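Below are the C-alpha cells for one structure; questions will follow.
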Amino acid sequence: MKETAALEAHLRDAVEGLAGDGAGQARFGIAVSGGPDSMALLFLAVRAFPGRVEAATVDHGLRPESAAEARMVAAWCAAHGIAHAVLHPAAPRTGNLHDWARAERYARLEAWREERGLDWIFTAHHADDQLETMLMRLNRGAGVSGLAGIRPRAGHVLRPLLAVRKARLQALADIEALPHVQDPSNADPRFDRSVLRSALADADWLDPQAAVRSASALAEVEQALQWTVDRLAARHLRREGEGWRLDRTDFPRELQRRLLLTMWALATGSARPPRGDSVDRAIAMAAMGKKASLGGWLLVGGSGWSLLPAPPRR
C-alpha cells in the first residue's frame, strides 16, 4: 500500500540521517511496548532493514496486563522470525514512579543492546509526543534546553518517527492488522500528560509537526549555546583548591548560568543541577560581588567567581 511504502521510506531516510554512514550495516533494536505506535515501528523496521532487527519489551510489572502484552509482542516476533526479549527492571522502585520507570526502561534497553551487539535502539516517539512534551515543559517554565523537547538522537537511542503523526501510525497498525493494545494509563487523569492529551483532543488548530520544527530549531540553538560554553569553559575555568574558579564573568546571563552549572558539575560530580531559581539567585548575588550558598557549596562573587565547599556550620 502507498501509505505503508511512504512510512517505510520515511523511516529509512530518517535513520540514515540520524545514524550517518554506518546505517547501511548497522543492527537495530526496537523498543516495543505492544501499543500501536511501537508495533507500527517494528513492522516498518523489519521491512526497511530485513535481517538487521531485534525487538525487546520492557515489562515493569506495573499493570496486571503487562505480561500478556509482552507475550503478544513475542508471538508476533516469533511468527516473523524476529528475536525478541522481555526485560525487567533491575533497580527497586523509588521516588517518582514515572521517573523510575523511564530510567529503568532505558537502562535495561542499553544493557540489552550491548549484550546483543546492536548498534542502535529505536523508540516510537512521534510528533504528537513532541507537542505534548513541549507544552508540558512550557507550562513548567522550561528554558531553551527543555523546550527543545524530545531529541531525535540521544546516546544510542534514535527516534526516527518524531516527524510522523500518531494517527498515521494507528492507521498503519489497523491497515496491516498488527496486534496491539491501548495502554489505559494514557487516559489516566492522575497523570499530567494524560490530562494534556485529553485537552488537546479537540484542538485541531494545533499542528504537532510545526512543534517538531520548532523543537528542531531550539535544539540547534541549544547546540550552539553548549558549543560556546565548552569553549569559554576551556579558556576561563580553572581549579581553585577544592573548587573551581571562573576568571571572567562579563557574559550574557544565559552563558553565566551555563558556566556556573559547568562549575557545579565539575565540583560535585553530579549530573543533577541545582534548582533554576537557586542558580538565578546565586548569579544575582555574585554579580554584586557577594556570596551565595548553592546546594552545600559557596559561590563567591567579584571580578571572577569561585565555587568552593561551604564551610561547616557552627
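Glycine is no exception: its Cβ is also placed from the backbone N, Cα and C atoms.
Sharing the record's features from TrEMBL:
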BINDING   Ser33, Gly34, Gly35, Pro36, Asp37, Ser38  ATP binding site
DOMAIN    28-198  domain 'tRNA(Ile)-lysidine/2-thiocytidine synthase N-terminal'
Residues with Cβ closer than 8 Å to the Cβ of Ser38 (ATP binding site), same chain and 6+ apart in sequence?
Ile30, Ala31, Val32, Thr123, Ala124
Give the sequence-ordered set of same-chain residues, not counting Ser33, Gly34, Gly35, Pro36, Asp37, Ser38, with Cβ within 8 Å of the centre of the Cβ atoms defining the ATP site.
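Other same-chain residues near the ATP site: Val32, Met39, Ala40, Ala124, His180, Val181, Asp183.
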In which DSSP state, out of helix, strand and coil, do we find Ser38 (ATP binding site)?
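Looking at the DSSP assignment, Ser38 (ATP binding site) belongs to a helix.
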What are the sequence-distant neighbours of Pro36 (ATP binding site), meaning same chain, six or more residues apart, C-beta distance under 8 angstroms?
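Result: Leu169, Gln170, Ala173, Asp174, Leu178, His180, Gln182.
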Give the residue from the binding-site residues Gly34, Gly35 that has the most other Cβ atoms within 10 Å of its Cβ, counting over every protein chain displayed.
Gly34
DSSP three-state call for Ser33 (ATP binding site): helix, strand or coil?
coil
Give me the non-local Cβ neighbours of Asp37 (ATP binding site): same chain, 6+ apart in sequence, Cβ-Cβ under 8 Å, ordered along the sequence.
Ala124, His126, Leu161, Lys166, Leu169, Gln170
Under 8 Å Cβ-Cβ from Ser33 (ATP binding site), six or more apart in the same chain: what's there?
Thr57, Val58, Glu69, Val73, Asp183
